[in-house]
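J.: Got these off TrEMBL a minute ago, pasting:
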- 56-61: disulfide bond (DISULFID)
- 152, 154, 165, 216, 219, 251: FAD binding site (BINDING)
- 358: active site, nucleophile (ACT_SITE)
- 358-361: disulfide bond (DISULFID)
- 361: active site (ACT_SITE)
């Protein structure tokens, strides 16, 4: 896999070098820090698109929630979109101010009307989201330690898993007209995994090409994680996990996939570029003194922020970024309509993650989808980020802690995918 990627001026070799020597070691360290290792997620939300066909009973599908006692006090006590110690301590004051503001509008307002005002404000805040966000206040939402629940092959497969990806590609993804992608190998007559016609982007604008590549890249990245962390054997209750070259070949080899495998991997690199660009764009948001990455441990928080800013400096030093200004650049009305369609499709895909039957797969699917959705939100909020006040939160652009954790961990997964791809290249050379 070599050469320049489509729709950008970046080559694969440059990304490999940049990721291996600059990004990968630092992002690994960052993911181990308390602020980024705990993710709050609701794994009990019902599938909104079809009748739930039951959860996976395989033991490796299980997610172990984190006991409350293990969560850093600054994380579990804080409001979801506040970062500093002062903001966390002023939660009650804010609630009081909120009530006073509502009362100032009309002191005769009923409690029901006041709730409606708050709901409307929440709805306005959600308009720039590309994802369906979990309600963190739900009793079903739990903290999960991502380090203790790593993404790997669980054995979850079959009709339930195929149905999720088929729904994503066939119903919610702009795809090349000539490509038919039934991912189910049991699909009748038209063929199985990788059965495609001649590949053509005819009639597909840049924005729709980008959307398809993002989803395909996410799919490729997830498959790479499963191949790299595969259950190789289980003897005396001691499982051994590691790279499975045969599985990697089945999913990505040009012959096995009828030419589709390398294209999937190129889309992984394209997705990496998109999220890398988002990190470089959001740096000013985190460079402000008001953002502390607060966990309650002052030294830990300062070190986490320093490491994050160091990664941002690296992302800015990369000279072959994707140019997002080329997107939605046509006439204003058409561009706005296309952007809304883009957002609606992606929001649907984030909702489909609640249809995944394996809890561990659902956890990582939701996190990586939310991370990509946060990256897109950043890319389309450049003006708002540039006009942020230094010492106070801005209503023009905000990130919740959940979005920050998802953004960093999702990019960490992509960085790991590209690193694992280098390992598979070596393993394949050794087997030849």
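Quick reminder: no glycine exception, Cβ is built from N, Cα and C everywhere.
Describe each of these features in terms of where it is and what it packs against.
T.: Neighbours of residue 61 (disulfide bond), defined as other CB atoms within 10 A of its CB across all chains, total 19.
The number of other CB atoms found within 10 A of the CB of residue 216 (FAD binding site), across every protein chain shown, is 24.
Take the CB of residue 358 (active site, nucleophile) and look out to 10 A: across all protein chains shown you find 23 other CB atoms.
Its Cβ placed at the centre, residue 361 (disulfide bond) has 24 other Cβ atoms within 10 Å.
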J.: Do any residues at least six apart in sequence from residue 251 (FAD binding site), in the same chain, have a Cβ closer than 8 Å to its Cβ, and if so which, in order?
T.: 223, 227, 257, 261, 264
J.: About how far apart, in whole Å, are the alpha carbons (Cα) of residue 61 (disulfide bond) and residue 358 (active site, nucleophile)?
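T.: Spelling it out, the Cα of residue 61 (disulfide bond) and the Cα of residue 358 (active site, nucleophile) are 5 Å apart.
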J.: Tally every other Cβ atom lying within 10 Å of the Cβ atom of residue 152 (FAD binding site).
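T.: There are 19 such Cβ atoms around residue 152 (FAD binding site).
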